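Enquirer: One structure follows; several queries about it will come next.
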């Protein structure tokens with residue numbers, strides 16, 4: 001179940017929210033869009049990019065029209081991937097983007113950490129969750145030690161994901177995806 005955990009910068013829990021509407025409302029107050037999408041038909045894990053896009057075509061077109069995205073892709077990662085640790089470590093570093101970061105979880109799960117003011121808002125996302133992180137928001141992403149997810153990524157610029165790392169070590173103070181998933 002998707003949920004939101006709010007921490008102080010030292011890693012102490014301030015609040016745990018498990019109800020979808022309350023999670024969505026709290027994130028909206030921060031400028032973060034959080035929605036639930038449903039596929040037009042059931043997808044297997046092996047579904048390719050065309051099948052995935054077709055299954056969520058209505059929501060994808062709505063978001064593209066609203067924000068003017070120039071490109072999108074479908075990415076996936078499984079525990080057996082030999083580069084999983086390398087990929088995880090890149091995303092675990094706090095960073096910002098000059099553009100907002102938009103993801104939709106087709107399957108599996110991942111956790112977005114939003115460092116806003118003196119709090120860290122931890123959004124555990126799973127199948128059916130759409131999240132949009134505002135531009136210049138300090139954040140990081142954890143896919144866990146055994147990553148399993150498939151996601152649609154939306155981009156305004158053809159280059160896609162361009163990060164500006166903050167150099168902060170705050171991600172070491174906040175529990176990992178594996179810990180958050182167990183709440």
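Even glycines carry a Cβ here, placed using N, Cα and C.
From a predicted model like this one, the values you see are computed outputs, not experimental measurements.
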Enquirer: Need a hand: Swiss-Prot gives 95, 97, 101 for Ni(2+), which of 115, 139 is also on that list?
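Expert: Candidate listed by Swiss-Prot for the same site: 139.
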Enquirer: How many Å lie between the Cα of residue 95 (Fe(2+) binding site) and the Cα of residue 103 (site 'Important to generate the dianion')?
Expert: 16
Enquirer: In whole Å, how far is residue 94 (site 'May play a role in metal incorporation in vivo') from residue 101 (Fe(2+) binding site) when you measure between their Cα atoms?
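Expert: Per the Cα atoms, residue 101 (Fe(2+) binding site) and residue 94 (site 'May play a role in metal incorporation in vivo') stand 14 Å apart.
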Enquirer: Residues with Cβ closer than 8 Å to the Cβ of residue 139 (Fe(2+) binding site), same chain and 6+ apart in sequence?
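Expert: Listed in sequence order, they are 94, 95, 96, 101, 112, 113, 114, 115, 133.
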Enquirer: Around residue 94 (site 'May play a role in metal incorporation in vivo'), how many other C-beta atoms are within 10 angstroms of its C-beta?
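Expert: The Cβ of residue 94 (site 'May play a role in metal incorporation in vivo') has 19 Cβ neighbours within 10 Å.
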Enquirer: Cα of residue 97 (Fe(2+) binding site) to Cα of residue 103 (site 'Important to generate the dianion'): how many Å, rounded?
Expert: 14
